[in-house]
Each structure stands twice: as structure tokens, then as C-alpha cells.
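*Asks:* I'd like to ask you about the structure that follows.
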Amino acid sequence: MSIYVASTTAPVNIATLKYWGKRDSMLNLPTNSSISVTLSQEDLRTLTSAATGPELAEDRLWLNGKPESLGNARTQQCLADLRALRRALETEEPDLPRMSEWKLHIVSENNFPTAAGLASSAAGFAALVVAVAKLYGLPQDYSEISKIARKGSGSACRSLYGGYVAWEMGAEADGSDSRAVQIADVEHWPEMRAAILVVSADRKDTPSTSGMQQTVHTSDLFKERVATVVPRRYGEMAAAIRARDFATFARLTMQDSNSFHATCLDSFPPIFYMNDTSRRIVKLCHLINEFYNETIVAYTFDAGPNAVLYYLAENEARLCGFLSAVFGANDGWETTFSTEQRATFAAQFDECVRGKLATDLDDELHRGVARLIFTKVGPGPQDTKSSLIDPETGLPR
């Protein structure tokens, strides 16, 4: 068999300025621009291999070891766009293999729970589009390719870059200017860290796609959000990132998370993505910032109960002292921190905090958290020698 294979990894991104609402559902065009931080693939990534060859009988997809349908319209649109770009390449260079006419096998795996509020669809579609683009040898840059990923999952376009990324909503009806751009790369502000508190790994009650359209059609707060609040915050947050101004970045991140969830609550019927554990984590973050009399941690919640806490490396001991006091018995610490580091966090809390708080810590909060994931800002899609496809058969290894 003549099988061609290409593989890539793609990252999770977590928005600090939220995308919520579509002005065109078919093209996945947003009602507002958004900003995100790309997270390290050492901790959260999708690995995707794509294969093609004249002998493959049909397009097929395997996700986390199981066959999945490739029939949904979004995936089909992504593949059609990629094939169109490959076809144009073949027209220019007639000696190229006619890959645009051949079927595709795509094998993908996540190292985190799928559809659990950890932006799995973003990493998944980004990896799919980049792997096929690599397989096809497409010359387009990632900003162009991001417009295809956007059609699969809106936030996927932001996973085509590392560091700090904006999805520009654009103005054109055909979506030709709705794409991802990089605000700053990893090296610009490498000290950014993230702690993910996994509140639930279950599927969401209200999927993002249906939830956001419910908000668009029924929320009065949403209209104010997209008209004035987000455009103002977009400029302020981009400037804070460029200036490495954590206090401003953190305040805007928390305010925008609150604004997003307020529009969900203002939808009719209301949509609840945060739960009691989520809200208690918000209170904990404000308690920490008030104790130190400075903003050292920022929370944000996507369309789910999981919390993402942003902080700088210089404040790791101060923040993790609090987190270890509350979540010290939860899983996840051992993946990132040594026993000595954890002892340092506990000592920091005992020396600087214990007995000095105006209110007691929430002794029950840890029960609502399944595990913690500690990570940091990271790069965009990466080439990899790892392959999930057997080049002899075109099937999963």
C-alpha cells in the first residue's frame, strides 16, 4: 500500500476574554473577539495522525481508541476546505500525488478527559486541521489555517498559536477575516502559570453550541456585553499582556469570567455551568488576594465547573501554600511538585498565613474537586515523531 502519514500535537487554550455567541452558526463566526492563553502540551495535548493513500476506501476517525463518526457537518467542512487547498496545489504542480481525491484516516488521542470543560474540542480540531495540512504540504500560514479550524470549533483557531492569542471576530460575512493572531509568544511572558481544579470530568448538561445561542436569543445582558464590555476589555487585556501587567490581566480575566457566566444566568431558561464548588473557589481566590493585599491569582471558568487559576511563577509558593492547605489531599500535586517543594508550600502557609486569616478556610471545598493539574503557558502545534497510524496499513497502531 502507498500510505502517507503526518502527525502533530496541539494544545489546549483557556480563554481569558471569553468567546460566547455566534453571528453565523454555519461558519462559526463569533459575536465578539476573544483572547486566550495557550497551555503547555507537557500536561494537556491532543496527538493526531492523519493518513491518506489511493487504497483507503472511506474517511474514518478514531478518537481515544474508539471509532467515531466523521459525518458531522463541521468536520466535513474542515476536510472539504483542506482538500480544496490541496487541489489548488495539485493544479499548480501536476506531478504531485492526487491526495485531494483520496480518503483520509485520522487517529487522535487526548491526555485529558474529552468534553469535560477542558477545551478538548479546541485542541482536537486544531490537531486535526494541522495534521491534515501537514500531510497535504499546504503552504498557508497558521493564521490562514486557523480559519479552517474555526469552522470545526470556534476556540480551536486559538490553539494554532502558542503564548497569548487573539481570535479576531472580523467583519466580513464570509468569515475571511475571522482568524487567530498571536498577541505575544511564550518567551514574551514565560512566567505565566495555571492551576486547573477539575471539579467534574463529566459531560456538560448544556453543550456550548446550544448554550451560546440560547444566550444570544434571550439575554439582555449579552447585548451590552458584546456591544461595549468586550470591545473595551479586548484592548485593555491585549495591552496588559504586552506590558506583562499581571494585576490588570488578572482583574480583567476575573471580571470577564463573571460577565460571561452572568449572561448565562440571564439566559432564559437560565444556564448553569458553575456549581457550588466553582463559586467557593471564586471566594477562595478573592480571600487569597485580599490577604496579600495584591492580586496574585486570577480565576476563570469556561462553559463548565472547572476552575483555571492563573498566577506568576514568582508567586507560586504563596498561592500553593493556600492551595495545599485546602486541596493538599487531592490528586495531582505529585505530577508537578517534589515532596520537598510541597513541604515548602506547607511551611510558607504555616509561617505567613495560619492564624492570621479573618475567616476560616473552607474545610469541605476539597471534596468537590477531583484533581489538580499544574501547568504553564506553552507553544502552539508541534511536529512529532510519534504516530498513531501504522504506515503499512493506514490503520491505528
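In case you wondered, yes, glycine gets a Cβ from its N, Cα and C as well.
Not measured: the values here are computed from a predicted model.
When I checked Swiss-Prot for this same protein, it listed these features:
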type: BINDING; residues: TYR19, TRP20, GLY21, LYS22, ARG74, SER153, GLY154, SER155, ALA156, CYS157, ARG158, THR209; note: (R)-5-diphosphomevalonate binding site
type: REGION; residues: 378-397; note: region 'Disordered'
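Tell me about the setting of these features in this model.
*Replies:* Sequence-distant neighbours of GLY154 ((R)-5-diphosphomevalonate binding site): residues of the same chain at least 6 apart with a C-beta under 8 Å from its C-beta are TYR19, LYS22, ASN28, PRO30, TRP167.
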*Asks:* Would you mind checking how many other C-beta atoms are within 10 angstroms of the C-beta on ARG74 ((R)-5-diphosphomevalonate binding site)?
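*Replies:* Neighbour count, Cβ to Cβ under the 10 Å cut-off: 18.
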*Asks:* Which sequence positions outside the region 'Disordered' (378-397), separated from its termini by at least 6 residues, show Cβ-Cβ distances below 8 Å to it?
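*Replies:* Sequence-remote neighbours of the region 'Disordered' (378-397) are 1, 3, 5, 7-11, 38-42, 47-51, 53, 55-56, 62, 65, 105, 107-109, 126-127, 130, 134, 142, 159-163, 186.
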*Asks:* Under 8 Å between C-beta atoms and at least six apart in sequence, can you list the same-chain neighbours of ALA156 ((R)-5-diphosphomevalonate binding site), or say none if there are none?
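*Replies:* Result: SER121, ALA122, ALA123, GLY124, PHE125, ALA126, VAL129, ALA149, ARG150.
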